[in-house]
Amino acid sequence: QEWSLPGTRVPPPADPEGGDANLRCVCVKTISGVSPKHISSLEVIGAGPHCPSPQLIATLKKGHKICLDPQNLLYKKIIKKLLKSQLLTA
């Protein structure tokens, strides 16, 4: 299955030497079981000094933002694909 969503983006990793004072996990609570058909865009924040695991933030079609469980098998595939595509375009 193809998981390219129109609003998908992978921001660059946080630069610890850049003085980013907001170095912490964005996703404290995650949800699994959200169907991709309800998602309008995705944002992947890779693991780094700010957070030990990747974070997957979904914007639902109704406008709500939620954090998806990065350990969910389906979401792991999405994260892997998005991070791979970022490396290819960098």
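Yeah, the Cβs are placed from backbone N, Cα and C, and that goes for glycine too.
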Q) According to Swiss-Prot, which residue among THR8, THR59 is annotated as O-linked glycosylation site? A) THR8
Q: Identify which of CYS25, CYS27 is listed by Swiss-Prot as the disulfide partner of CYS67.
A: CYS27
